[in-house]
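Below: the structure, in structure tokens.
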Amino acid sequence: MLNAEQRAIIKATVPLLESGGEALTTHFYKMMLSEYPEVRPLFNQAHQASGDQPRALANGVLMYARHIDQLEQLGGLVGQIINKHVALQILPEHYPIVGSCLLRAIEEVLGKDIATPAVIDAWGAAYGQLADILIGAEENLYKEKEEAEGGWRGTREFRLVRREQESSEIVSFYFAPVDGMPVLKAEPGQYIGLKLDIDGAEQRRNYSLSALCDGKEYRISVKREAGGKVSNYLHDELKVGDTLQLFPPAGDFTLAASDKPLVLISGGVGITPTLAMLQAALQTRREVHFIHCARNGAVHAFRDWIDGLAARHPQLKRFYCYAEPEGGAAADAVGLLSEDLLAEWLPQERDVDAYFLGPKGFMAAVKRQLKGLGVPEQQSRYEFFGPAAALE
């Protein structure tokens with residue numbers, strides 16, 4: 001536990017983290033990935049290059065410092081971190097590496113006049129406290145997944161049994177376990193971790209499960225990303241019959257039980273977790289409003305499948321919005337999703353459960369629009385790993 005003096009020091013560094021947190025975490029990642037190559041597979045290099053990962057860490061460190069006296073207020077953020085760590089198999093031995101590099105980064109970026117021994121000591125204690133919380137919670141989750149029916153710990157060998165082209169950009173991959181035994185049933189909205197060897201280098205990635213799990217196989221649907229090492233490998237190299245290692249499903253962006261009308265809003269490849277949510281909701285005969293936004297029909301994945309569901313389930317209402325239509329299948333609206341469109345497509349009664357996912361700008365707009373239409377904020381759920389202010 002931190003003492004009162006250490007907590008006061010942590011809180012005093014908040015202004016420094018607000019102004020220079022990203023510079024600190026950028027330096028931290030550069031140092032750690034250079035000196036400890038064994039942890040490189042745990043981090044997406046594209047997210048490093050774009051700055052997304054340093055920004056997300058800077059936000060996490062800042063939130064921790066701000067709430068050092070009220071850690072219970074970080075429950076949502078901590079839950080996200082724990083699930084991400086479990087999906088990538090972050091282990092206790094990784095924490096000392098992160099801790100030592102973080103303390104060095106604080107000292108080197110802030111300078112010894114600011115990063116005094118007392119400051120370093122306080123942040124060392126704070127990091128140790130956080131590490132203990134995460135390690136304990138992650139072990140509980142590892143154990144839970146290992147002991148569940150169809151579950152396992154660490155990696156498990158799976159074979160690609162089918163792949164399907166869903167749009168000009170998205171391919172679905174179906175994986176079944178090589179041992180032929182059942183697999184852990186994921187909750188709708190969760191993701192799975194992949195461990196691959198590409199050009200002699202280990203790569204790990206998380207992908208949302210895009211179908212309700214039947215206990216026999218998993219499906220992910222991957223968009224080809226320009227310069228994306230793993231997405232391009234999956235699209236171009238992974239063939240039916242090939243094997244790879246999977247980690248158990250994880251994630252806390254999941255469909256909660258409710259009898260309220262369900263609103264699922266997605267942009268682009270953000271559609272993937274909503275598909276499993278849609279399947280689960282239709283099994284309960286729940287009213288569902290499914291709204292998807294895409295550039296055009298060529299990149300719109302799963303349209304025929306969703307249209308088929310709508311034809312068989314009168315409680316499902318689906319709406320499509322295309323930003324730049326290029327002929328082919330028509331959309332219900334053209335342009336960007338607006339509050340006026342949402343007002344038309346949502347139930348008249350705004351007491352709904354809304355789940356949305358997509359690019360950052362899209363999510364910021366949807367969050368604002370739902371609030372403007374009177375959807376209770378506590379009933380609007382999304383998954384975003386950056387600063388919450390980025391969606392305001």
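Each Cβ is built from the backbone N, Cα and C atoms, and glycine gets one as well.
According to Swiss-Prot, the feature active site, charge relay system maps to TYR95 (among others). The number of other Cβ atoms within 10 Å of the Cβ belonging to TYR95 (active site, charge relay system), over all protein chains shown, comes to 17. Taken residue by residue with DSSP, TYR95 (active site, charge relay system) is part of a helix.
When other Cβ atoms within 10 Å of the Cβ of GLU138 (active site, charge relay system) are tallied across all protein chains shown, the result is 20. The active site, charge relay system feature in Swiss-Prot is assigned to GLU138 (among others).
The annotation FAD binding site is assigned in Swiss-Prot to TYR191, ARG205, ASN206, TYR207, SER208, PHE384, PHE385, GLY386, PRO387. Long-range Cβ proximity for SER208 (FAD binding site), meaning a same-chain Cβ under 8 A and a gap of 6 or more residues, is found for GLY189, GLN190, TYR191, ILE220, SER221, GLY251, THR272, PRO273.
GLY268 (NADP(+) binding site) falls within a helix when secondary structure is assigned with DSSP. Other C-beta atoms found within 10 angstroms of the C-beta of GLY268 (NADP(+) binding site) number 20, with every protein chain shown included. The NADP(+) binding site annotation in Swiss-Prot covers GLY268, VAL269, GLY270, ILE271, THR272, PRO273 and is backed by sequence analysis.
Taken from Swiss-Prot, the feature domain 'Globin' covers 1-139.
Note on the domain 'FAD-binding FR-type' (153-256): mean pLDDT across this stretch is 96. Sequence annotations record features per position, and here Swiss-Prot assigns domain 'FAD-binding FR-type' to 153-256 based on sequence analysis.
Marked as site 'Involved in heme-bound ligand stabilization and O-O bond activation' by Swiss-Prot: TYR29. According to its DSSP assignment, TYR29 (site 'Involved in heme-bound ligand stabilization and O-O bond activation') is helical. Note on TYR29 (site 'Involved in heme-bound ligand stabilization and O-O bond activation'): other Cβ atoms within 10 Å of its Cβ, all shown chains, come to 18.
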Residue, out of the binding-site residues VAL269, ILE271, whose Cβ gathers the largest set of other Cβ atoms within 10 Å: ILE271
Around the Cβ of PRO273 (NADP(+) binding site), the count of other Cβ atoms that are within 10 Å: 26
Lowest local Cβ density among ASN206, THR272, which the record lists as binding-site residues, within 10 Å: ASN206
Densest Cβ neighbourhood among TYR191, GLY270 (binding-site residues), 10 Å radius: TYR191
The domain 'FAD-binding FR-type' (153-256): DSSP-derived helix, strand, coil residue counts: 8 helix, 49 strand, 47 coil
Cα-Cα distance linking TYR29 (site 'Involved in heme-bound ligand stabilization and O-O bond activation') and GLU138 (active site, charge relay system), given in Å to the nearest integer: 22
From recorded positions TYR29, TYR95, ASN206, the one whose Cα lies nearest GLY270 (NADP(+) binding site): ASN206
